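Chemist: Heads up, here are the entries from Swiss-Prot:
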type	residues	note
BINDING	22, 23, 24, 68, 93, 104, 212	shikimate binding site
ACT_SITE	72	active site, proton acceptor
BINDING	128, 129, 130, 131, 132, 152, 153, 154, 155, 156, 157, 210, 233	NADP(+) binding site
C-alpha cells in the first residue's frame with residue numbers, strides 16, 4: 001500500500017454493489033508498490049442511486065477503474081469509447097481514461113489456452129447470463145467452441161445472451177442443463193458453485209469457476225474428485241487484474257507473484 005499520497009498520486013478503483021469481500025484493492029495496491037507506481041486503488045461500493053449520481057465524477061478524476069456486478073453493462077453508456085471485444089460482448093470490466101475494455105474475456109482466453117488450447121469440437125455450458133457469462137461465452141466461442149449452451153434461472157437474460165452470440169455468428173442456445181456425454185466445458189459465472197450438477201462435472205474436460213472465496217468451491221472440489229482440469233476463480237480474478245494493469249501501465253506483476261502474496265497474507269484459502 002502506498003505510504004504517502006501526494007499531488008501526483010493517481011486514483012484507481014473498483015465500482016460495484018455489495019463488494020466488501022473483494023480482493024481487488026489488495027491485488028492492485030500490491031502491484032503498484034511492487035512496480036513503483038505512485039497510485040492508490042480504492043473500492044466504491046455503490047447502490048444504483050449513488051452510481052447514477054457519481055459515475056461521471058469518478059470517470060473524470062480516476063485514471064482507471066474496474067467494474068463488477070451489477071454495473072458491467074450499465075457503465076458503457078457513460079464511456080467515450082469501448083474496444084472491439086467489449087463492444088461485441090456489451091460488457092465492460094476495465095476502464096482507462098473513459099475507454100472501456102473487457103479483461104474477463106482476455107483472462108478466460110489466456111487461461112483456457114494454457115489448459116487445453118484449441119476448443120474445436122467442444123460443447124460449452126455456461127451457467128448464468130450476466131457480464132461474466134458474456135465474457136466467457138465469447139472467449140470460448142472465439143477459441144473454437146462448437147456450441148454454447150446457456151443455463152440460467154430466467155429465460156429473459158438467457159435469450160438476450162443467446163441472441164447476442166448468434167448475431168455475432170456463433171452457435172448458441174438455451175438449455176435446462178447439460179445433456180452431452182463428452183467434450184464438455186462447464187463455466188459457472190453465478191455466485192452459487194453448486195448450481196452445476198455433479199453428473200455434468202463428471203463428463204467435463206474442463207471446469208471454469210468464477211467464484212474465488214473460497215478458492216476451492218464445491219465445483220472445484222468435484223473437478224478434483226474426478227480428475228477434471230479446472231480454472232478456479234482466483235486464477236481468473238488475478239489474470240484479469242494483470243490484463244487491466246497492462247492496459248493502464250503497459251506492464252504488470254506476474255500472476256504467480258500476486259497469488260503468492262494473497263496466500264501469504266491469508267487473504268484467500
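Every residue number used here counts from 1 along the chain in the order it is shown.
Using the three backbone atoms N, Cα and C, a Cβ is placed for every residue, glycine included.
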Chemist: Restricting to the chain of residue 93 (shikimate binding site) and a gap of 6 or more, list residues whose Cβ falls under 8 Å of its Cβ, or answer none.
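Modeler: Non-local contacts for residue 93 (shikimate binding site): 66, 67, 68, 72, 101, 102, 103, 104, 131, 135, 240, 244.
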Chemist: I'm trying to understand the geometry here, so how far is the Cα atom of residue 130 (NADP(+) binding site) from the Cα atom of residue 212 (shikimate binding site), in Å to the nearest whole number?
Modeler: 17
Chemist: Cβ-Cβ under 8 Å from residue 155 (NADP(+) binding site), same chain, 6 or more residues apart: which ones?
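Modeler: Spatial neighbours, sequence-distant, of residue 155 (NADP(+) binding site): 174.
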Chemist: Measure from the Cα of residue 22 (shikimate binding site) to the Cα of every one of the binding-site residues 128, 132, 157, then give the nearest.
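Modeler: Considering only the listed binding-site residues, the nearest one is 132.
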Chemist: If one measures from the C-alpha of residue 132 (NADP(+) binding site) to the C-alpha of residue 23 (shikimate binding site), what distance in angstrom results, rounded to a whole number?
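Modeler: So the alpha carbons of residue 132 (NADP(+) binding site) and residue 23 (shikimate binding site) sit roughly 17 Å from each other.
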Chemist: Can you give me the Cα-Cα distance between residue 157 (NADP(+) binding site) and residue 212 (shikimate binding site) in Å, rounded to a whole number?
Modeler: 24
Chemist: Cα-Cα separation of residue 212 (shikimate binding site) and residue 153 (NADP(+) binding site), in Å?
Modeler: 21
Chemist: Let me know how many other Cβ atoms fall within 10 Å of the Cβ of residue 130 (NADP(+) binding site).
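Modeler: The answer is 18 other Cβ atoms.
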Chemist: Write out, in the order they occur in the sequence, the residues of the chain not among 22, 23, 24, 68, 93, 104, 212 that have a C-beta within 8 Å of the mean position of the C-beta atoms of the recorded shikimate site.
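Modeler: These residues sit around the shikimate site: 14, 19, 66, 237, 240, 241.
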Chemist: I'm trying to understand the geometry here, so how far is the Cα atom of residue 24 (shikimate binding site) from the Cα atom of residue 233 (NADP(+) binding site), in Å to the nearest whole number?
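Modeler: Residue 24 (shikimate binding site) to residue 233 (NADP(+) binding site), Cα-Cα distance: 13 Å.
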Chemist: Using CB atoms and a 10 A radius, I'd like the single residue among the binding-site residues 22, 24, 68 with the highest neighbour count.
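Modeler: When each Cβ's neighbours within 10 Å are tallied, 24 leads.
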Chemist: At the level of the C-alpha atoms, what whole-angstrom distance separates residue 233 (NADP(+) binding site) and residue 23 (shikimate binding site)?
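Modeler: Distance (Cα to Cα, whole Å): 12 Å.
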